[in-house]
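This report refers to the structure that appears directly beneath it.
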Amino acid sequence: MWSLKIAEGGGPWMSSLNDHVGRQIWQYDDNGGTPQERSAIDALQAQFTRNRHDVRHSSDSIMRFQFSKDNPLPPLPLQVKVKGHEQLTRDIVEKTLRRALRFYSTIQANDGHWPGDYGGPMFLMPGLVITLYITGALRVILSEQHQLEMCRYLYNHQNNDGGWGLHIEGHSTMFGTILTYVTLRLLNQGSGAHAAMEKARAWILDHGGATAAPSWGKFWLAALGIFDWSGVDPLPPEMWLLPYILPVYPGRMWCHCRMVYLPMSYIYGRRYSSPLTKLTSDIRNEIYVVPYEEVNWDSARNDCAREDLYYPHPFLQDLLWATLHKCVEPILMHWPGSLLRQRALAMVIEHIHYKDENTRYVCIGPVNKVINMLCCWVENPNSEAFKKHLPRVLDYLWLAEDGMKMQGYNGTQLWDTAFAVQALVSTQLLDECGSMLKKAHHYIERSQVQEDCAGDLRRWFRHISKGAWPFSTRDHGWPISDCSSEGLKASLELSSLSGDLVGDPIPAQRLYDCVNVILSYQNPNGGIATYESTRSYAWLELLNPAETFGDIVIDYPCVECTSACVQALAAFKRKYPEHRSKEIATTIRQGSMYIKNVQRSDGSWYGSWGVCFTYGTWFGIMGLLASGETYSTSASLRNACSFLLSKQLPSGGWGESYLSSQDKTYTHLEGDEAHLVNTSWAMLALIASGQVERDPTPLHKAXVLLVNAQFENGDYPQQEIIGVFNRNCMISYSAYRNIFPIWALGAYQCKVLGH
């Protein structure tokens, strides 16, 4: 039986800065669980499979089942449902909150964070399985049970037409389908032994075969040895030898972009292809519409299925790749040009090792994690670097009733915990949540980054880190502007509470360090991006080679990061008014100007990291309020509130489809369904802006929805996918289903009913 292990190490090849606090891995025990418990898990899995085309998102039922044994649910107040035109009372809302808090306390890990599913993208696991197959480590790292659950996951998320999408709710794409098909074959699923595999192969061939895969798909197929490198657009490692002053220099790109193309360029530069085996030879024969020997590889370079085309290549880009492919690469592949290639490869692998070591081999994300691991093996199959990579694979795997998936990060630990603290404090029910806050404080304190990366930061293209907070764990360590800000906000909230209740506050100097990082992020336009200040120009997007994603080349400022930083600095300024007061005031003022400048004509803001306009508008409103704007004095705030009110559904809630993110147009969920997380974001924004003084009716209607949606055990339902990145790929934030209804009802109880 599977069990979730928290804050445990993984043997002599692993290191940690804080005793693995935040690490979450799933382990299988052949003798674990009673027959009744195993039967209960089987029933959860079977139920998901039965409903898989209607309910795409898992509910983290296996984790919840484990916690129900480890942390039994305490007695709950009697549940109250509001009927008809009954009014909400403080008593009803308080009972609902106490029920929610008591349940929420049962799913908190011992180290203080709340574990949860961060899956959704379908293109992550294939890279892992392909890499492990190439390196011969597939069955070393992935037990038979791992492989069984991975297959379960992939089959569960196959669309009716036989294909797989970019993410679990998306339409079928060649990227999702061909990589998933290859993955299942590498996991010993026969091409014709399963009807699902037959349908998948038919989908691939009906849509043009392997040559119609987008560039990232072609890369993985070429590395596996079933696609010719001459059919892949160039990824020259020599780009890293260019001077930094050039806008196209990779070190000036968004860190996620450069961290993926850095190891890709190493594999491409070496033209590494895994030797064919009987299995990969069979796969190669199954995925092309013409015999492999007859494929026109030059034509294949520019081929991409229309289902995958979110960002078609401009002509300028195709011309550049053709020139590099036909004129430059032949020179670099032969002496004396090969001398330059060897120098570039040496520089690239040096950077890869630096990145690995500074994240304890977690790496910044799952895509570059597995390509970095492949590079280390290609360089030296017996290297310590490769051995250090292997145990960290488990950090990315998550199990739910839909199977085992590869997550979009090694978790959302700090991010969710910082939000959770603010949600818990909003309820003012400290008698219920004191223990949770104390454990959460422990997690936040242990997860702060307390040093910059080693060496010359400019040489390694790293931003300062000391004092920041990461998205997940300290061992991961990449600092992010909004994570630092939410970590700072949570720390300030905790410092205002009794030390006897939550523990000693984080020392002021460490908060000063965080402020120093936040101040360093602001760009000349007042906006703040994610990991670093913006280093190059938006026109560089013309060179975006990834047909499936938008806005990936540079680190763009966004309303969420800017607002989070403004809110954090304003909160810090209230507690420490003398510390760098002029710089903080300037940053807040310029951030506020940016927020107003990027507001859309309808009053909304586009959310880059959540679905979508509801999320962005919550941040936009909160940022302007933190900067000192008010509803009566700010047209921006009035327009934003009008936008939110215009999208409220007859049910009292808000419900926004992921299509809003993809199409950049507000789109309701199918059937005008309300989403509890969208509803909570809208409530928080409207409550903060003073809606209770104008007309509290919309807030009352929304709060009734949240009260009535609560389960008997105090939990809330998992609904449609609510996270997004790069405009077109959706991702799960499973903890939001608890955090935001608690936060919204807490604010409603104290600021609306208590008004």
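The backbone N, Cα and C atoms fix where each Cβ goes, and this holds for glycine too.
Bear in mind that the values here come from a model prediction, so they are computed numbers and not experimental data.
Residues annotated as active site, proton donor in Swiss-Prot: Asp482. With a cut-off of 8 Å between CB atoms and residues at least 6 apart in sequence, the same chain places Thr530, Glu560, Cys561, Ala564, Cys565, Trp609 near Asp482 (active site, proton donor), listed in sequence order. Taken residue by residue with DSSP, Asp482 (active site, proton donor) is part of a helix.
Residues or ranges marked as repeat 'PFTB 1' by Swiss-Prot on the basis of sequence analysis: 97-142. Averaged over the repeat 'PFTB 1' (97-142), the predicted model has a pLDDT of 98.
The repeat 'PFTB 2' annotation in Swiss-Prot covers 147-188, and the record cites sequence analysis as its basis. Residues 2, 45, 48-49, 52-53, 56-57, 119-123, 125-127, 129-130, 133, 138, 196-204, 207-208, 210, 212-214, 216-217, 220-221, 224, 226, 279, 282-283, 286-287, 304-305, 307-308, 399, 402-405, 548, 658, 720-721, 728-732 of the same chain, all 6+ positions outside the repeat 'PFTB 2' (147-188), place their C-beta atoms under 8 angstroms from a C-beta of that stretch.
The repeat 'PFTB 3' annotation in Swiss-Prot covers 390-431.
For 511-556, the entry in Swiss-Prot reads repeat 'PFTB 4', with the evidence type sequence analysis.
Same-chain neighbours of the repeat 'PFTB 5' (588-628): 482, 522, 525-528, 556-560, 562-567, 569-571, 573, 634, 636-644, 647, 654, 656-658, 660-661, 664, 666, 678, 681-682, 684-685, 688-689, 721-725, 727, 730, 733, counting only residues six or more beyond its ends whose CB sits under 8 Å from a CB of the stretch. Feature annotation from Swiss-Prot assigns repeat 'PFTB 5' to 588-628.
For the repeat 'PFTB 6' (637-678), the list of distant contacts is 169, 310, 599, 602-607, 611-615, 617, 620-621, 624-625, 629-631, 685-686, 689, 691, 698, 700-706, 709, 716-717, 719-722, 724, 727-728, 730, 733, 736-737, 740-741: same-chain residues at least six beyond its ends, Cβ to Cβ under 8 Å. Here Swiss-Prot flags 637-678 as repeat 'PFTB 6'.
Non-local neighbours of the repeat 'PFTB 7' (699-740) in the same chain are 56-60, 64, 73, 76, 79-82, 87-88, 92-93, 96, 99-104, 107, 114, 116-121, 166-170, 310, 408, 412, 416, 419-420, 423, 548-552, 607-612, 648, 651-654, 657-658, 661-662, 664, 669, 673-684, 686-687, 691-692, 748, 752; each lies 6+ residues outside the stretch with a CB under 8 Å from one of its CB atoms. If you look up Swiss-Prot, you'll see 699-740 marked as repeat 'PFTB 7', on the strength of sequence analysis.
Swiss-Prot lists Trp415 (among others) with the feature site 'Transition state stabilizer'. Sequence-distant neighbours of Trp415 (site 'Transition state stabilizer'): residues of the same chain at least 6 apart with a C-beta under 8 Å from its C-beta are Phe471, Ser472, Cys483, Glu486. Secondary structure at Trp415 (site 'Transition state stabilizer'), as computed by DSSP, is helix.
If you look up Swiss-Prot, you'll see Phe471 (among others) marked as site 'Transition state stabilizer'. Within 10 Å of the C-beta of Phe471 (site 'Transition state stabilizer') there are 27 other C-beta atoms, taking all protein chains into account.
What Swiss-Prot lists as site 'Transition state stabilizer' is Trp609 (among others). Around the Cβ of Trp609 (site 'Transition state stabilizer'), a 10 Å sphere holds 22 further Cβ atoms from the protein chains shown.
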